[in-house]
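Read the structure below first, then the notes.
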Amino acid sequence: MFEDLKPHLQELRKRLMVSVGTILVAFLGCFHFWKSIFEFVKNSYKGTLIQLSPIEGVMVAVKISFSAAIVISMPIIFWQLWLFIAPGLYKNEKKVILPFVFFGSGMFLIGAAFSYYVVFPFIIEYLATFGSDVFAANISASSYVSFFTRLILGFGVAFELPVLAYFLAKVGLITDASLKAYFKYAIVVIFIVAAIITPPDVVSQIFMALPLVGLYGLSILIAKMVNPAPKDNENNNENNNENNTKENTKSES
């Protein structure tokens, strides 16, 4: 059994090494420009960030550089993921490789951009000013960056749902009917996932869950277009059965 899995494990190791190597190279490049990236990250917050420990500045630079490296490396990561999956697919299923890489990377960037320009400014402003009449908001640079990266990467991953639906529908694993049937269960799962990948506050979870519900609806439409239910065939079969029944009745008469 292990001998059968060995080639797959070796292939997985190869793809992981390429992905990790890409992230590492991107990290080194981003670390050189971490101050510029930090200014971009801080642009959504007009307040002052503080440093609570001597090592905090280094940790902030590492966090920012690593997060930026992941975003930059997404096309390569999707490409390596596809190269690992592709050998187990049929020839016609492999035709989705370019849409998978292109739309996978694109939807990740759209999710990150949606979080940066729409969600994050509102959430940070709300949380920073909540209770401002009782205490002063002194946000550390490290906690701010952690909050920012978790939200940005979380939305980037969440926006992959339509891409996943397209891929699964293309290989025939799901249909729009199956997604509709599990809709109420999906809502529960969506709120659980939102609670896991977002910072621990209700506002962030709601802002994550609502777009996910919309993306689930979009996934239903995508599955319907890619792998539609064979209604025409069913209607044709019903008509044929009716015609056969009528012919049999006439013959008996």
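The backbone N, Cα and C atoms fix where each Cβ goes, glycine too.
Over in Swiss-Prot, the protein carries these features:
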{"type": "TRANSMEM", "residues": "18-38", "note": "transmembrane segment"}
{"type": "TRANSMEM", "residues": "69-89", "note": "transmembrane segment"}
{"type": "TRANSMEM", "residues": "96-116", "note": "transmembrane segment"}
{"type": "TRANSMEM", "residues": "151-171", "note": "transmembrane segment"}
{"type": "TRANSMEM", "residues": "187-207", "note": "transmembrane segment"}
{"type": "TRANSMEM", "residues": "208-228", "note": "transmembrane segment"}
{"type": "REGION", "residues": "231-253", "note": "region 'Disordered'"}
{"type": "COMPBIAS", "residues": "244-253", "note": "compositional bias 'Basic and acidic residues'"}
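For the transmembrane segment (69-89), the residues of the chain that approach it from at least six positions outside its boundaries are 11-12, 15-16, 18-19, 22-24, 26-27, 29-30, 97, 100-101, 104-105, 108-109, 112, 152-153, 156, 171, judged by C-beta separation under 8 angstroms.
Within its own chain, the transmembrane segment (18-38) has Cβ neighbours under 8 Å at 60-62, 64-66, 68-70, 72-73, 76-77, 80, 145, counting only residues six or more beyond its boundaries. Distant neighbours of the transmembrane segment (187-207): 119, 122-123, 126-127, 147, 150-151, 154, 157-158, 213, 216; these residues of the same chain sit at least 6 beyond its ends, with a Cβ under 8 Å from one of its Cβ atoms.
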